[in-house]
DNA sequence: CATGTTAAG
DNA sequence: CTTAGCATG
């Protein structure tokens with residue numbers, strides 16, 4: 001099976017404007033406050049939190065979704081991430097690997113203005129996902145409520161909105177020495193089937209840490225990592241199957257040639273400073289929904305985890 | 001059984017001089033270096049590392065021994081303790097709860113000029129004692145070499161010198177909810193018998209963390225701790241038995257009325273700053289050897305562990 | 001290398 | 001509260 005998948009090109013979906021600085025919403029003008037860079041976090045004033053691009057129907061973005069694997073929410077909160085989130089101001093944000101229960105979650109994390117949904121999983125301090133949404137979804141399912149998945153590890157939250165399903169996930173890691181690759185393969189299959197059914201009802205926005213770098217362009221060292229968790233042929237092929245089933249890797253479709261675009265860097269050996277990374281975090285979209293997409297951005301400057309946030313702009 | 005024991009008084013053993021500033025050795029004059037207080041450690045320049053007192057025969061100290069429960073040697077080493085030890089410059093120093101093997105011990109800890117003996121115990125990261133001696137002892141026994149004790153937890157090092165045995169120990173903690181009090185009771189008995197036999201051969205200097213505050217004066221909150229590990233009647237009675245067997249609590253004998261003299265403060269609730277402590281670390285001496293003692297000092301200013309070092313000055 | 005356990009103190 | 005171990009990433 002080939003790991004290459006034909007993805008459509010930019011022009012098929014997105015109308016690239018002349019960096020017009022026009023935004024779907026006028027939210028980012030007030031950089032009068034907090035000029036001072038805070039502890040650990042980068043200076044946020046240089047970041048454009050809006051989106052200059054329009055969708056294929058020349059419409060600006062109306063909704064922003066953020067996904068971030070936080071690698072332990074309690075430690076993450078000590079790194080000035082709330083200031084970033086407030087500036088980013090997404091309509092929905094999805095966190096993976098929170099490694100805590102609702103009870104253990106510090107109050108400062110419970111940002112006002114959001115409905116909060118938490119799927120902590122059973123094992124203490126392991127995995128866990130959360131979803132924050134400004135508007136209340138029609139329905140939210142998570143964990144064992146999604147019977148097809150039987151998720152007891154805090155890996156999935158599904159939120160149904162008027163026009164789409166949003167699925168946030170943290171896909172199982174294949175483990176050191178690939179010792180949990182079989183578990184991963186089983187998960188991938190049932191998750192693929194679950195998404196297929198969901199997609200038949202409404203378009204799906206799938207986001208989160210898919211724990212796979214799909215192509216060689218998605219990893220700094222493809223040659224030396226073919227036996228590493230997250231870049232085995234098995235995992236890459238499973239992602240290909242997902243795409244062939246009617247999902248689109250939005251970032252790669254918008255930026256097919258973009259190298260050095262990663263969302264994860266190991267803490268070892270100063271990998272992030274050297275940009276020795278992996279693209280493991282995605283926005284995958286039901287193909288028929290792609291015409292609405294404005295942009296997909298990797299916020300590689302934002303610190304707080306070994307993953308960085310990714311941002312998705314869409315016109316709904 | 002009473003927990004009170006008749007200990008002789010100061011004048012019986014030690015001749016208190018008029019703070020003569022004469023020292024047994026002239027070692028502490030050079031405070032020209034390192035005036036700057038280093039990270040985490042207190043300013044050492046105000047400490048008198050010598051001893052102004054003389055023994056009962058009007059002789060100054062000729063030997064200094066230090067004991068310190070370091071509560072994890074590797075973390076302890078990060079707190080500028082080597083600078084203190086070099087200034088203190090003991091002839092022998094005994095460390096308890098090193099929580100590492102010889103292999104794991106950082107090189108910086110292996111101070112030149114000392115013979116080093118390590119009894120790490122079997123369980124990784126648990127317990128473990130070490131002894132550093134400028135002069136090579138006649139014989140050193142530790143762990144299972146001391147058959148009477150059958151110590152596989154790194155609790156004892158015995159060093160034989162010409163005129164005495166030095167025993168450094170870390171007595172088992174009775175545990176939360178006193179769940180290891182039975183183990184402790186058994187240890188106390190066999191340890192007492194071991195010391196009795198040793199004492200028949202030569203005078204014994206016993207030092208270390210005895211994990212008991214003997215009397216009410218030895219603990220900040222005697223009333224609320226009668227069921228706490230380290231202040232149960234059982235543990236206190238066992239210490240009394242040891243004293244009745246011919247050992248002397250040197251500090252308490254020298255300073256029978258001294259309140260607020262502690263060697264341990266829990267890390268909880270800022271106990272050390274409030275001096276809510278326990279005296280758990282001792283120099284116990286064979287009664288017939290007491291005439292040689294010059295002083296016993298608690299270095300409560302010295303940071304690096306939840307215990308502080310204690311210092312023993314003797315004329316040998 | 002970092003996070004959150006756990007056992008122990 | 002702190003140490004050091006461990007499992008996991």
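From the backbone N, Cα and C atoms, a Cβ is placed for every residue, glycine too.
Residues or ranges marked as region 'Disordered' by TrEMBL: A:1-51. According to TrEMBL, the feature compositional bias 'Basic and acidic residues' maps to A:20-36. Residues or ranges marked as domain 'Endonuclease/exonuclease/phosphatase' by TrEMBL: A:66-307. Residues or ranges marked as Mg(2+) binding site by TrEMBL: A:69, A:97, A:209, A:211, A:306, A:307. The active site, proton donor/acceptor annotation in TrEMBL covers A:209. The active site, proton acceptor annotation in TrEMBL covers A:307.
The Mg(2+) site is set by A:69, A:97, A:209, A:211, A:306, A:307; from the centre of their CB atoms, other residues of the chain with a CB within 8 Å are A:70, A:71, A:96, A:170, A:264, A:280, A:281, A:305.
Within the model, the domain 'Endonuclease/exonuclease/phosphatase' (A:66-307) shows a mean pLDDT value of 97, rounded to a whole number.
Sequence-distant neighbours of residue A:97 (Mg(2+) binding site) (same chain, 6+ apart, CB under 8 A from its CB) are A:69, A:70, A:71, A:72, A:127, A:128, A:129, A:170, A:209. Close to residue A:211 (Mg(2+) binding site) in the fold, though at least 6 residues off in sequence, lie A:170, A:171, A:172, A:173, A:174, A:184, A:229, A:230, A:235, A:280, each with a CB less than 8 Å from its CB.
Listed binding-site residues: A:209, A:306; maximum Cβ neighbour count within 10 Å falls on A:209.
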